[in-house]
Amino acid sequence: MIFVLDVGNTNTVLGVYDGDELKHHWRIETSRGKTEDEYAMTIKALLNHVGLQFSDIDGIIISSVVPPIMFALERMCLKYFHIKPIIVGPGIKTGLNIKYDNPREVGADRIVNAVAGIHLYGSPLIIVDFGTATTYCYINEHKQYMGGAIAPGIMISTEALFARAAKLPRIEIARPDDIIGKNTVSAMQAGILYGYVGQVEGIVSRMKAKSSVPPKVIATGGLASLIASESSVIDIVDPFLTLTGLKILYEKNVDKKQ
């Protein structure tokens, strides 16, 4: 079985693959202060809950956009799993032709999403990932990673309203009854939800205009389903795109690392 870890700024998503099947998956808070022992105890409890042990895991791959956490995670893998993990980063075999000015600047999460997107859906392709930041990745018809856009995530914007506007409350992100809010909470929900729908449709439409072949638009991340339900430009919601990409990259690199 293969253990995959997608470390984001807010949450870490974990998955266990048995062959090509994602058997189990979990979401935990990303904590920069945890030691390798604390992470091991959390993961041990999750594995035990589904009848698994550290010894059931044959390989590990990690994608992270939080560099300070990597030391603890790598030590955890060595100490408890007795496995040296594959880390998504410079030197890893991806198969991507990255056309960024500096390819090393492309975040691990965006690389993993692009690998999975091309494998599952072909090209051209636009991938929208709703995380702490909302990222847009454009892959052309030649399967070249051309770049994209990065915007503040929905939660960041919501928290900024609460923190900077004295009379505005902290709210749940949800679909309001109407675009015209009748109270403060529904007005904020309308502004946040439909504001982001407008952002997605505006950026995606401009990216589509760069391609002579209509690209598929794939959405992933925690709020992808909510945004997609209100948008006409998203073709597919794939909540496990990043985990799939990690599994693919593991297979591309495992022989090289062993």
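Numbering starts at 1 and runs along the chain as it is shown here.
For all residues, glycine too, the Cβ spot is worked out from N, Cα and C.
ATP binding, as stated in Swiss-Prot, involves ASP6, VAL7, GLY8, ASN9, THR10, ASN11, THR12, VAL13; the candidate among THR42, THR94, THR132 given for that site is THR132. When the Cα of GLY8 (ATP binding site) is compared against those of the binding-site residues TYR100, GLY107, ASP109, ARG110, the shortest separation belongs to ASP109.
Between the binding-site residues THR10, THR12, THR132, THR184, THR12 has the most other Cβ atoms inside 10 Å of its own Cβ, all protein chains included. Shown in sequence order, VAL106, TYR145, GLY147 are the residues of the chain, 6+ apart in sequence, with a C-beta less than 8 angstroms from the C-beta of TYR100 (substrate binding site). Sequence-distant contacts (6 or more apart, same chain, Cβ under 8 Å) of ASP6 (ATP binding site) comprise THR12, VAL13, LEU14, GLY15, SER63, ASP109, VAL112, THR242, LEU243, LEU246.
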